[in-house]
Amino acid sequence: MKTYAKFTLLVVAIVGTLAWLAASGINESKTYYKTISELKQLPGGEATKRVRVTGDVVPGSIKRDGERVHFQIVEKGQPQILNVVYTGKDPLPDTFRDNAQAMADGKLQADGSFQASSIAAKCPSKYEAAPGGKPAAQPLNGAKPPSMS
Amino acid sequence: METLGAFAILLAFCLAIYAFSASLVGSIRKKAFLVVSGERAVYAVWVLMSTAAGILVYSLMTSDFRLAYVAARSNRAMPLVYKFAAWWGGQEGSLLLWSWLLSTFSVMVLWTNRRKFRDMMPYVIAVLSFTQIFFCTLNAFIEPPFQVLAVGKGVQAVADGNGLNPLLQHPAMAIHPPMLYLGYVGFIVPFAFAFASLVTKQPGEAWIATTRRWSLITWAFQSTGILLGAGWAYAVLGWGGYWGWDPVENASLLPWITATAFLHSVMMQEKKGMMKVWNMVLISATFFLCIFGTFLTRSGVVSSVHAFAQSSLGSWFLGFLSIAVGVTTFMIIKRLDYLKSEAHLESVLSRESSFLFNNLILLASSFAVLWGTLFPVLTEAVMGEKITVGAPFFNKVNIPIGLFLLLLTGVGPLIAWRRSSFDSLKRAFRWPTVFFLVTVLGLVATGVHHIYALISFGLCAFVTVTIVMEFFKGSRAISIKNQMNLLRAMVELTHRNTRRYGGYLVHMGIVIMFIGFTGAAFNKDTTKEVKIGEHIQLGNYDLQVKQVLDGDNPNYSWQRAVIAVTKHGESLGELTPERRVYVSSQQPTSQVSIRRRLNEDLYLNFASMSQTDPTAAIIQVYIFPLVSCIWVGFYVLLFGTLICLVPSKVKYSYARTEVVGVYAKQAQPTK
């Protein structure tokens, strides 16, 4: 029985440690899902929490500025537009382009813009191009840029 | 053709129902002819599913754009290999691949066991057929692959298809899904045997002996699938390196973790007759998690970069899972007596308890991953508010778990079965501990202060020493006794007990992979806007943009930056990251350019041309130290698994006392 008591003690210690790690991990990284309109209505005190907001990329709004990428997203059927500034280190996904559904994680800034540290994007057709061969959207930077060579 | 395909699926569905009913009724009523006809139905299902799969592949290869599936996922300009890969490029096709693999595995199981386990086989077939019925239902009624475009009713005939998603047009991607599926589908076989032995109260550990090899091969496929996915994510942009804790990545990891736990704990059942309930739960959980993983990928319940179409599949999967979990739980509870342990735990310091801790930790890890993945769903159900947790959560829990497992990898083999004395442990741990300390202190001296990195590298040294010691002691004994050189003795040693020493090689692979993971602590990156001739500096590298070229081919147009790389003034050649825009989908993709070396990768991405200055390119530069170790470690792991599959020259029990005993004897307390 003594063996089992020792064993139980060890198990409890391990599980306890992991539960504590998990709980603090959740607190550190928990991110609320908000729509653009919900985000705009957040009271001042709550605006500092981490938020994940989803919307469609407004065509032509993607602008690069050195390390930062500016773009706008809009919720289907809603008038509000959210200005997003991406400051993360990961390269943007290839599926991120005009009209794509983008998922931005970050925090709302005092000036009403959204600072995102990570961006995930879904193709408008969710990886399956629309039947009929109609091009879904223009590429990221519009027409082919002039050659430098 | 498509009518024949659809008909084949429908007929397979009916025959799967027959196989299920005939096996069950035949077994309960003791009617041999019913059992045999059920078995024949399984073969017929395979022929029919192969016909359906063959027709789909043929339609893809011949660009038959009358079919909606072909028109949506293939086009004329695509290379033949990607036309073939389009089989699993979409929902309907990949579900058909699942079904076809399942029918193939069923036939293989039936053929190899056609004269064995006469009691168990009807139930094995029943489990396999039940799952086949489920997938055939999806193929026949929910996501049929042979739908023809309704040309004339507001839809125009298409001259060319849309093409496979460009992200999927990558060699690793072409083989990643089938590998994962071989893993996902494969675990149904050990589960079916476990379940059948539960129903028929098989004496002994017959089901484990039969399915050990199968489990190991399946596990190897699953590992390969996960690693190929990681390699693809690394080479194709935007997925956060090789691992991003995305829900669908997690879904593939979950059954892998429980299967790893299972492969360890079955040893306890084989040798000691312990942990029988536990093993039953583990193999069932592994199978359920495979189905659950497919469900997560296919239903779009959690938002993921992988999420395929939102579909009505979810409720079907949940229905199937509830039935399977319900029936299995009921059977396990009903058979608790039969699953009673034959031995008891004698000491906390024993090989047995190291196995228990290994299992506990693996389970904790899979639970944490599952919890994190489903967190948005759970919080929405409980609090009405959707909350997600990101990579920091997964890292915070899984890094300590990973390190603890690494420690156990080293400790496990050094402790004796039943109980170990402190003295024997002191002897066994002396050298590994010395190497641990030397590594940690050496790294601190060279300026490494990242705490997890120090522990990880230290443990890698610790485990490596234990593994080398195991090989050395065993082979030295053989070399002295048989007068052969050490290298030959090592091969002989491994051949005598392939499972044990193959297992050590798998552990060595894991150690090398850990070195690769730990390298991430030292990643460097920068993003720069540069004109032709300008330089970028990062780490010891100097990069100069030479030119930007562009051109096109029928499949895509491309733009390529040519960048000269120098390190410490020495030229290392050129790297050429590229941007492509695929013609049919107008989807841009990045082709990163990587200089791969064992110590570090230089990774370049051509993000785009600058918008403010059209003569400047935006280049992202990353240095990933040690990342190649992940791939190298994987090859070692695969090699070790293959060794495990080679039959041992000497029977295991003999090997344990005669060969391994050389070392185990020292570690065991004197009585």
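Each Cβ is built from the backbone N, Cα and C atoms, and glycine gets one as well.
What TrEMBL lists as domain 'Cytochrome c assembly protein' is B:88-299. The domain 'Cytochrome c-type biogenesis protein CcmF C-terminal' annotation in TrEMBL covers B:318-645. Feature annotation from TrEMBL assigns transmembrane segment to B:6-28, B:123-142, B:179-199, B:219-245, B:251-268, B:280-301, B:313-333, B:354-377, B:397-416, B:451-472, B:504-522, B:622-646 (among others).
Fewer than three CB pairs closer than 8 A are found between the transmembrane segment (B:280-301) and the transmembrane segment (B:451-472), and contact between the two stretches is not assigned (pairs 6 or more residues apart). Proximity of distant same-chain residues to the transmembrane segment (B:179-199), defined by a Cβ-Cβ separation under 8 Å and at least 6 residues beyond the stretch ends, is recorded for 88, 94, 97-98, 101-102, 105, 109, 117, 120-124, 126-128, 131, 206-207, 210-211, 214-215, 217-219, 221-226, 228-229, 252, 255-256, 259, 262, 279-280, 283-284, 286-287, 290, 293-294, 328, 331-332, 335, 338-339. Taking residue pairs at least 6 apart in sequence, the transmembrane segment (B:354-377) and the transmembrane segment (B:251-268) share three or more C-beta contacts under 8 angstroms. Between the transmembrane segment (B:622-646) and the stretches B:6-28, B:123-142, B:219-245, it is B:219-245 that has the most C-beta pairs under 8 angstroms.
Taking every recorded stretch in B:6-28, B:219-245, B:504-522 and counting its Cβ pairs under 8 Å to the transmembrane segment (B:123-142), the highest total belongs to B:6-28. This prediction places the mean pLDDT of the domain 'Cytochrome c-type biogenesis protein CcmF C-terminal' (B:318-645) at 90.
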